[in-house]
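The structure appears below as structure tokens.
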Amino acid sequence: MLAKPRPLDHIGDADDGVAAKAAGLDALYGHLKPLEIIERSARELFHDEIAAVSSFGADSAVLLHMIAEIDRTLPVIFLDTGKHFEETLGYRDALVADFGLTNIQVIKPEEAALARIDPTGNLHQSNTDACCDVRKVEPLARGVAPFRAWFTGRKRFQASTRAALPVFEAVGARIRINPLAHWTTSDQADYMRAHALRENPLVAYGYLSIGCFPCTQPVQPGEDARSGRWAGHAKTECGIHLSGLEVSLTDASL
């Protein structure tokens, strides 16, 4: 049984801004179990103004299964970059069927932007940041625009850059929620096994973090899960989890 909720508006004065609200939420609810965080956020804090963002990658099944336990109609945003592995697209469809998710929102890059910025489809070979901007960051800004908050499946163990990841964090005027932030690899594996959740088939081939096929490769023993992303480049995040998304939201006046 969840404790009596504390209204979101009472967490930090209006002048404190969204960052203070996120910090307040993290202090109040960040210690809860992931399912409780999802339930509290979806049913009490943000109601119909919250979504989930999923890559349907290596670790996606757990968060989506938990969301389905709470509300199968909750919007799930999927960025169709045009560069996904076929296995990922098949996995997406399989999980949607497994969990009975009914509100998958597929967001794609704008055709005009691709024609202007990446007309040959080879931008990833010369400028990975620009490629991620047009195929991920800007589309996600459009996808989350109608919502006040969204869930992600990010975890601290995935990379050194995520070691201090909070459960609740501010992104411009919105709040991003990472219910699984404090989970370990064992927590992930135990949940997958306990609920007989299927894996992305690429995991069996050493892909422990899965993005677009041109910029993803198997992880070597001893490396962190995201070391196979943009290998050979000084890059560990696509931008949707960094300041790039906040800039895109601001630029779009959302």
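Glycine is no exception: its Cβ is also placed from the backbone N, Cα and C atoms.
As annotated by Swiss-Prot, active site, nucleophile applies to CYS238, with the evidence given as sequence analysis. Sequence annotations record features per position, and here Swiss-Prot assigns [4Fe-4S] cluster binding site to CYS131, CYS132, CYS212, CYS215 based on sequence analysis.
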Packing count at CYS132 ([4Fe-4S] cluster binding site) (other Cβ atoms within 10 Å of its Cβ): 25
Where CYS131 ([4Fe-4S] cluster binding site) sits in the secondary structure, as DSSP reduces it to three classes: helix
